[in-house]
Amino acid sequence: MAEKRNIFLVGPMGAGKSTIGRQLAQQLGMEFFDSDSVIEERAGAEISWIFDIEGENGFRKREERIINELTQKQGIVLSTGGGVVLSKENRNHLSARGIVVYLQTTVAKQFERTQRDKKRPLLQGVEDARQVLENLAVIRNPLYEEVADITLPTDEQSAKVMANQIIDLIDNFHG
């Protein structure tokens with residue numbers, strides 16, 4: 001890869017964005033950011049607390065500011081939150097400022113990966129988490145597809161294998 005272009009990872013919760021993003025950044029010698037972690041750092045609070053106090057709208061406003069800021073950096077790998085694509089502004093920034101990789105996963109795999117995770121505000125206190133994930137997929141999957149330059153399924157691969165696949169695809173990407 002001659003010049004280091006930004007790589008932005010999008011996809012649903014449990015797709016492996018953070019794990020794959022760290023691996024990718026390490027292999028490419030690029031700086032890694034996780035937008036949810038940056039939001040928590042700046043707020044001095046966990047995302048679940050932000051959701052409780054400010055609601056999803058308050059969180060999404062914070063997310064827009066952070067996405068705008070981080071996507072202006074050069075040569076980074078950015079793992080985004082699952083709902084990042086709900087904002088047209090975020091989709092525009094991601095599309096214009098880097099290569100967007102959509103990490104696809106099935107609802108079954110998402111459920112398996114997130115069922116014991118207490119840091120998923122949209123899944124807290126719900127009767128049927130699988131149904132919530134299915135509902136989110138109906139709304140968000142078309143938006144991930146809209147913004148993606150590259151789409152990869154993540155269900156059966158390790159983070160290292162996924163990172164290598166992304167590197168190969170980006171080396172051949174001329175968008």
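Any Cβ shown, glycine's included, is placed from N, Cα and C.
Feature list (source: Swiss-Prot):
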BINDING   G14, A15, G16, K17, S18, T19, R120, Q157  ATP binding site
BINDING   S18  Mg(2+) binding site
BINDING   D36, R60, G82, R140  substrate binding site
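Locations of recorded Swiss-Prot features on the structure.
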residue : record                 : Cβ contacts under 8 Å, 6 or more apart
S18     : ATP binding site       : D34, S79
T19     : ATP binding site       : A159
D36     : substrate binding site : I47, S79, T80, G81
R60     : substrate binding site : G83, L86, S87
G82     : substrate binding site : G11, P12, M13, A15, L136, R140
Q157    : ATP binding site       : Q165
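Same-chain residues with CB within 8 A of the center of the D36, R60, G82, R140 CB atoms, the substrate site residues themselves not counted, are M13, E63, T80, G81, G83, V84, V85, L86.
Other Cβ atoms within 10 Å of the Cβ of R140 (substrate binding site) number 19 in total over all chains. DSSP classifies Q157 (ATP binding site) as coil under the three-state reduction. Among the record's substrate binders, D36, R60, G82, R140, no two C-alpha atoms are more than 17 Å apart, and one pair sits at exactly that spread.
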